[in-house]
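Undergrad: Dumping what Swiss-Prot says about this protein:
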type     : residues : note
SIGNAL   : 1-21     : signal peptide
REGION   : 22-268   : region 'Non-LT domain'
REGION   : 269-486  : region 'LT domain'
ACT_SITE : 313      : active site
């Protein structure tokens, strides 16, 4: 589990009480210039982080990540520009905080009691458990007593603290080491590639990386769930800290924090090794035949999202046919195809073009009150279920005091469309809402796999090209079949 167990009401209440308690220590009340004043005068909020799919990443210069989005919203709340400062390891993060080179750390950091003499933590925004991982196919250890190999964790991480405690209290024979050169993500990748026996990771990051490296397997949970939090410098100046607590309270109250958690963690729960392995194989062997068509017809939709929709529909089989008569890569009904001008549903280009147009029409048809970054999930539910049934799910949500514009609220009501207790009172009647729920969740998981897998391939290709270029410089060819040194 990666979902936080503390209620958002509790987080908001604690944040409010802390803000009130800190009120006397805010420097501007005594005529002094505090940290918040300095940030506003500078016009920048400096946030140190670590690159990771969950925390902060960039694809084609477009930043994303749970911590990035949360930090961006905090900077907007303060009315300043966000400046992201990436670091390679956790020790560097805290050094930057000590040296006043950053204003806060937003890097998916687990609460670590050993850090409290140097820094203080903000409210938790989700929770994770620490897990020991190994490569699938090698013997699975059931406890630290079963380890037969090397355990390496990232230097400065909470995993170091955990292993120290376990060695002192329960496993005196436990041997492990820390790496300054490798990040936690890189160590997890090394385990998946068979280059390292074991490491520790947090459950959320592991769940995401398994979509790209399905050989990465969880041996056992090392800890119960622990809060993930931002870190601030220990100081008598509480101005920035108090502003952060006010910001968190607003995020909790308006549901923004819950929606961010849903966006990045709501779909990572279940993992199917065979399904993931099959999909990654299809990326290499089948997708190249159709990628240019997805790119050509995607329009305002990310072509990779359009591609994973097609995979969910047909596994990229242009001849696919269901018992209900839907056909082709995008599995269009005859009526839908006719309305889109698709004459041959099993023609790959016609099917992709038709599916893209249909999805964009659904996006435009949605109520304007639905947030921009959540509209696609509502549109996909309508694509699978029918637009009217999706509206029924929104009405059910509103009737139960949920937010009909929030995907995290509406998706939980989709299965109710097939329950006798609810569907007789809906406008459009019975629908297989549980299938629509799984449909959207599967697409989100496939999207994580496709985006991450392609990024890994690009990174490896760039590394290979750099090595080739370096070899070319050190051994230049000066004649046919000759090189310097021959």
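Cβ coordinates are placed from backbone N, Cα and C, and glycine is handled just like the others.
Quick caveat, the model's predicted, so the values are computed rather than measured.
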Undergrad: Long-range neighbours only, meaning 6 or more apart in sequence with Cβ under 8 Å: which ones does the residue listed as 'active site' have?
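TA: Sequence-distant Cβ neighbours: 320, 329, 330, 331, 355.
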Undergrad: Considering every residue in the region 'LT domain' (269-486), what is the mean pLDDT value?
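TA: Value for the region 'LT domain' (269-486), mean pLDDT as a whole number: 92.
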Undergrad: With DSSP assignments reduced to helix, strand and coil, which class does the residue listed as 'active site' get?
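TA: The three-state answer is helix.
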